[in-house]
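The structure appears right after this line, and notes come after that.
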């Protein structure tokens, strides 16, 4: 295979985007054959396979180390000097790709590494109670809190909580105690 066949910036940029979608964002259906036929149709499969593995390995190395731009430049320079490494044009495309996709890839990796549900959203409001078994409780303020919980790649679950004034005051007291404990721990000398 001629070196120029794997040099083009647009096909390499497309390949890196597809690898990121497959590896970090969980989009199925991105196959080696699809990538080769769409991006490098002139390259035989037996020559494309090692190139694909090399690019996937480089991308995984960069992402797993969460490289900043100085680390990235040093890493890519080392890759260009390595026997069977990458060309300086390929390094430039990889660098440009990482600069524009680092945040999304990092966020995706963080989401995938969480085992438990996380808080995706919170909304609250204060209403006046309009119905009650006891007429004295009608028109008293009620805090309604809605929590949106979920894991990466799954639909959210919603939890709706209702608190009267007494419960809100208890929660505020508990939060003040937690804040006090944290402040005490932080202000202690090592």
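Keep in mind that glycine also has a Cβ here, set from the backbone N, Cα and C atoms.
Taken from Swiss-Prot, the feature Cu cation binding site applies to 101, 110, 134, supported by sequence analysis. Residues or ranges marked as domain 'COMM' by Swiss-Prot: 118-186. According to Swiss-Prot, the feature N-acetylalanine maps to 2, an assignment based on a large-scale study or a structure entry. Look at Swiss-Prot and you will find 2-123 tagged as region 'Sufficient for interaction with SLC12A2'. Annotation comment: Swiss-Prot describes 125-190 as region 'Required for binding to PtdIns(4,5)P2', evidence class experimental evidence.
Local packing around the binding-site residues 101, 110 was summarised as the count of other Cβ atoms within 10 Å of each Cβ; on this measure the leading residue is 101. For the region 'Sufficient for interaction with SLC12A2' (2-123), the DSSP-based tally of helix, strand and coil residues reads 85 helix, 6 strand, 31 coil. If you average pLDDT over the region 'Sufficient for interaction with SLC12A2' (2-123) in this model, you get 89. Helix, strand and coil counts from DSSP across the region 'Required for binding to PtdIns(4,5)P2' (125-190) read 26 helix, 22 strand, 18 coil.
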